[in-house]
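Participant: My questions will all concern the structure given below.
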């Protein structure tokens, strides 16, 4: 390989100057030498041609010397007159006196008809020379800009060649071929996703022994699409396939196809498949497929779309007129909803493998993999961490342990302690503590009652998730947080569970009106969450009293993703009015349930608010003891204690695991870490 590289370098540098970085310098030097020579020739043609030397004098001074009969000899060439005087003459210039005997001057443009008669009358020796007939000055002045332009272009091209970026290499594929010996990722490094790994193992088996399947009349899928939320390990699975497969593995990002030049994307697709066919059987992996695979016809413009041209070429290569045997295409995306239907049909991407958020057992396995090279103290229970992190993706868990390791180093620990992991969870999910934010007594009391309202309602209602921690310590954008941890992963939401959760979210606003007889802006995010959830109950889930067995919801398509410009609702104005009334009724019922619960447990409500004002953080166990009247069991929370929490603001019908509920008091936006469930709330 080294000999081949050396040969290529010699070929690049032999025929032309500037075949490499040093050649580029030589080429630049040659250009400057040529430009300097042309400039000198032009200057000579403009100032020097016809003037052999002498003091430059005016024509009037020349006539004066001629009238004084002091001119001995002149040489005329065109308009230039060179001559010598019989005796030295003087002239003043800028206050200086200059003596001269040889001189140079030029005839005026209108000529001098008496000059020759005057020269002959005084016996001056006159010599004439023919003027050059070729206009060198004009030619050089015209060629100089053109030559300079070519010189700049020459340097630019040589520089591109020295960097391996020839003029036409922009059309070549940017897919990288992974070496099996260099790629050390295997399926053992991928925890969870067992069904996805099994599907991919089947692809690898076909590549290793295709006759086993062909004998049964089976054909390998032409395309495999990995679909799932961000951070669930889709790209990691592809790297594992590269490490396991005994076949060439080409990897490219969807954005690598697009450039500023027209036609580059389609050309790169052709080149990529051409390379893969030469080494077939082979695997091509396209990461972030949605960057080139979006629905055609998207947007409001009617012009040609370079992305669509690239997509059309990809469709043709996957299942076009020519057979594409021996090449399997893998792709990954977290936006399958915007992919073109022609791309996802059978015959192109035959299989869609869903890589979902990990379950509790999968989270435990993922934590064990990421903790391999991290020293853990004896008090760290990875299974407990997995239980308390519902809704976390693999990337979230990796980041959690990394933040814990950084905190352990900051605290001077020899190993990662459980307190480091708890602090890391609070930091990752709620942000840093805002130590510089100081609340006055009135705001602190209002915030304490607001969070106490969430916590008491959450601890009393039977279907609500257990309260884990309540704090009024400002973190990130949140001024206060009530954390709830589900007892298990939850994929479906019951009607009574959603109603209890709505009441918990309304607990903060109910507390404000009960204690202070007013409302604050801190409940802004609470109200948004309630409206969003109540609307889904009525329109999508059939949980309204008036619309129990009908879905009125409709996906609102995005025109820039290929959907229609406008979509009208499919129900009447009267029905829309009833929907609004139903949403209002659900919200009011949730608020009233929260008020009734706080009135019923007003003593525990006041005690919890006082504890928050004094301690700023209260554990969920202490909240439950207050509700049950077991005040003797109440202890003080250490300041290092934390709990896993996440804000859920997706859709409950996504069938994703339940997550920790975070109810935030926030005067700004109340937004926390989005994790993907519908029933989280923030205030």
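Counting begins at 1 with the first residue displayed.
Even glycines carry a Cβ here, placed using N, Cα and C.
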Participant: Ranges 1-21, 22-42: which does Swiss-Prot label region 'Disordered'?
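Facilitator: The listed stretch tagged region 'Disordered' in Swiss-Prot is 1-21.
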Participant: With 450, 454 listed by Swiss-Prot as binding Zn(2+), identify the candidate in 378, 526, 540, 545 belonging to that site.
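Facilitator: So, going by the record in Swiss-Prot, that would be 526.
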Participant: From the ranges 116-136, 137-157, 158-178, 179-199, grab the one Swiss-Prot calls transmembrane segment.
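Facilitator: So the range that Swiss-Prot calls transmembrane segment is 137-157.
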Participant: I need the nearest neighbour of residue 228 (ATP binding site) among the recorded positions 450, 451, 454, 526, using C-alpha distances.
Facilitator: 526
Participant: Nearest to residue 231 (ATP binding site) by Cα, among 450, 451, 454, 526 (recorded positions)?
Facilitator: 526
Participant: State the count of C-beta atoms found within 10 angstroms of the C-beta of residue 233 (ATP binding site), not counting that atom itself.
Facilitator: 25
Participant: So which other residues, same chain and not among 228, 229, 230, 231, 232, 233, 234, 235, have a Cβ within 8 Å of the centroid of the Cβ atoms at the ATP site?
Facilitator: 332, 334, 355, 393, 394, 395
Participant: Counting by DSSP, what is the helix, strand and coil composition of the topological domain 'Periplasmic' (50-136)?
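Facilitator: The counts are 17 helix, 39 strand, 31 coil.
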Participant: Through the lens of DSSP with three states only, how would you label residue 234 (ATP binding site)?
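Facilitator: It is helical.
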Participant: Spatially, and counting Cα to Cα, which of the recorded positions is closest to residue 233 (ATP binding site)? Options: 450, 451, 526.
Facilitator: 526
Participant: Within 10 Å of each Cβ, count the other Cβ atoms, then let me know which of the binding-site residues 234, 450, 454 comes out lowest.
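Facilitator: Fewest other Cβ atoms within 10 Å, among the binding-site residues 234, 450, 454, is found for 234.
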